[in-house]
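Features as listed in TrEMBL:
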{"type": "TRANSMEM", "residues": "37-54", "note": "transmembrane segment"}
{"type": "TRANSMEM", "residues": "66-90", "note": "transmembrane segment"}
{"type": "TRANSMEM", "residues": "126-148", "note": "transmembrane segment"}
{"type": "TRANSMEM", "residues": "201-220", "note": "transmembrane segment"}
{"type": "TRANSMEM", "residues": "258-277", "note": "transmembrane segment"}
{"type": "TRANSMEM", "residues": "321-341", "note": "transmembrane segment"}
{"type": "TRANSMEM", "residues": "353-379", "note": "transmembrane segment"}
{"type": "TRANSMEM", "residues": "415-434", "note": "transmembrane segment"}
Amino acid sequence: MEGGSAVMDSAVSRDEEAPLVATQLPNHAPRKHTRDVHILSCGFLLIFLAYGAAQNLESSVNTTGNLGTISLGILYVSFTIFSLGASLVVRALGSKNAVLLGTSGYWLFIAANLRPSWYTMIPASLYLGFAASIIWVGEGTYLTSTAWSHAKDSNLHEGTVIGSFNGEFWGFFASHQFVGNLISLTVLQDDGSGTTGGTNLLFTVFLCSMTLGTILLCFLRKRDDKEGTSSEDPSVSLYSYLKCQTNLVISPLFDIRMLLIIPLIAYSGLQQAFVWAEFTKEVVKPALGVRGVGGSMAVYGAFDAICSLAAGRLTSGLTSITWIVSGGAVLQGCVFLALLVRHSYSGVYTYVFPLLLASLLGIGDGVLNTQLNALIALLFKQNTEAAFAQLKVWQSGAIAAVFFLSPYITLQAMLVTMLAAVFVSFFAFLFLTVHLEKAFSHSALDV
């Protein structure tokens, strides 16, 4: 373990040039960076309220040959593969342009649902995997760059600004489950013959929402995402350039900090897919019926949004991140234990139990979304795009695994897997934070 500690100490020392607390900064008049955060948050809400609700309906609406489930599995495999090179695309396009290009994949996927078939859904899913990889790396890079600029211009604590901006973004984003599922409940109709009417109208409404979101994102201001990185020499050969960029992409995997965060990243994907693929099917549907799925996901989204906003406001640095993640991990662990040992319920408890668990799962998801993004933004300032690409590689890979394994694994086996995952990921995270605190303390003493 001494070798790992030495590597971590050196990793911390590399970041000493950009200290956690901003000091001796020029007193410039602060720019309106918060405007861009508001636009980014609202734009993603309009886009993902459509996609999130559509994703929840895929396995129920496109049932022929399991088209909906297979499409989602292919989507997240594609997402995983393209995320490996997403940082190169974002560096080339810039974070704003990457976000705008990424919206096209979501628009095409919703449009394919108007005429669902193997010839429309599979190509749309493959392309959405690429689009999702660049929109999320672009979002993380853009939001982090905005937070840095705001902290510098306003002479504020960097960790506080990153936490606040992530809290606002993920709070808005998490509310897409609430808003999108309410729209689904309003538009969809039960024909009484086992089929659902109004799907084309619903997807048309979703296309309109996505179009508005994309137009809104066009008003984002471009940012210098390459600040702090070396300038590119135009005389360098294409081979040397690609080799350099590839090293930037994989370099986080040689950083002990990233290796210790990866289990928590993978778990964040597992718990999301568990809610989408297992919780709604095995817990909510038997208790509340098909219509209850939308209501439970609305509760999940509401608590996810509230917790994201609260967790973002409470984030000020590594110590606060540690406590907040600890609380979320314990809550979700309790949910998995409750489901594993649950007994049959009757009366009002039949309806309350799934909704209570949905709220707790939403709180845990809100914690993971805000704190993982804040942690990566704080620790990987010199290679932000590659770090956020790793976040999406491991997260989407875990989601894809659950979608493909779901038909072949029991709920009990899935719950045991989730408990093991939250245990391993949480203790790897604690190991990281303890050693980082020691490294920061030694660095302060040396100064």
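Glycine residues also receive a Cβ, built from the backbone N, Cα and C atoms like all the rest.
What TrEMBL says about a protein is an automatic prediction, not a curated fact.
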Task: CB contact flag for the transmembrane segment (353-379) and the transmembrane segment (258-277), at least three pairs under 8 A - done: yes
Task: Surrounding residues of the transmembrane segment (321-341) on its own chain - C-beta under 8 Å, 6+ positions past either end - done: 163, 264, 271, 283, 307, 311, 314-315, 357, 360-361, 363-364, 366-368, 370-371, 374-375, 411-412, 415-416, 418-419, 422-423, 425-426, 429-430, 433
Open item on the list: Using a threshold of three or more Cβ pairs below 8 Å, and leaving out pairs closer than 6 in sequence, do the transmembrane segment (37-54) and the transmembrane segment (126-148) count as in contact?
Closed with: yes
Open item on the list: Considering only Cβ pairs within less than 8 angstroms, which of the stretches 37-54, 258-277, 415-434 has the most against the transmembrane segment (201-220)?
Closed with: 37-54
Open item on the list: Under 8 angstroms for C-beta pairs, at least 3 of them, ignoring pairs fewer than 6 apart in sequence. Is the transmembrane segment (258-277) in contact with the transmembrane segment (66-90) by that rule?
Closed with: no
